[in-house]
Amino acid sequence: MGANQLVVLNVYDMYWMNEYTSSIGIGVFHSGIEVYGREFAYGGHPYPFSGIFEISPGNASELGETFKFKEAVVLGSTDFLEDDIEKIVEELGKEYKGNAYHLMHKNCNHFSSALSEILCGKEIPRWINRLAYFSSCIPFLQSCLPKEWLTPAALQSSVSQELQDELEEAEDAAASASAASTAAGSRPGRHTKL
C-alpha cells in the first residue's frame, strides 16, 4: 500500500452511563487510531512494557463487554508507510508503558492524540478526553472507576502473551544454564557428598 492513508479516530462509549451523561457533555470514552486497516490504542497494566495494543478497527467486542462503538472521526491523512507507523508505535510504546497509565495525565485518549499529531499533525477533538479534565478537578474519581476501564480485554490478552513470551525465554535460559551446570558438574572432585 502507498502513502496518503486516512487517519481515523475510533471512539467507544465505555459504559452504559454514557447514555445519560453524554447529553450534558460528560462522557467516558476510549479511543484508538485507525490507519492502514489497523487500530492502535493504549491501556494500563501493572508491567513496565508497552501498553499499546492493536484491535480490529471499530471492534468494541475485542475491548470488552463494557465498551460500545460510538463513532469514527476522520482526522486527516498521513504519508507515512505502514512500516514507518509500526516503528512510530513501537517508539511511542517506550513512553506509553502499561504501568505509566494515568486517568488524568496519560490515558488512551492522550495516546490517540499523540499518535494523531505525529501522523497527520492534528489533535483529537477535546470532548473525547473531557473526563481527564474533570477527574483532575475531582481527584478521587479515578479510585471510583471499575478496574476493567483501565485495562481493556484486548490489552489483557496482549499482556498475557507478553508475559508468556517472557516466561518461555526465562525457562529456556534456565534450561541452558542447567545443561551447562550439569556438563560442568560431571567433572570429578566438583561436588562434596554429605
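Placed from the backbone N, Cα and C atoms, the Cβ positions cover glycine too.
Remember, it's a predicted structure, so these values are computed and weren't measured experimentally.
Swiss-Prot assigns the feature region 'Disordered' to one of the listed ranges (63-95, 162-194), namely 162-194. Looking at the domain 'PPPDE' (5-149) alone, the prediction's average pLDDT is 88. There are 28 other Cβ atoms within 10 Å of the Cβ belonging to H30 (active site).
Secondary structure counts, DSSP: the domain 'PPPDE' (5-149) has 59 helix, 40 strand, 46 coil. Counting every protein chain shown, the number of other Cβ atoms lying within 10 Å of the Cβ of C108 (active site) is 30.
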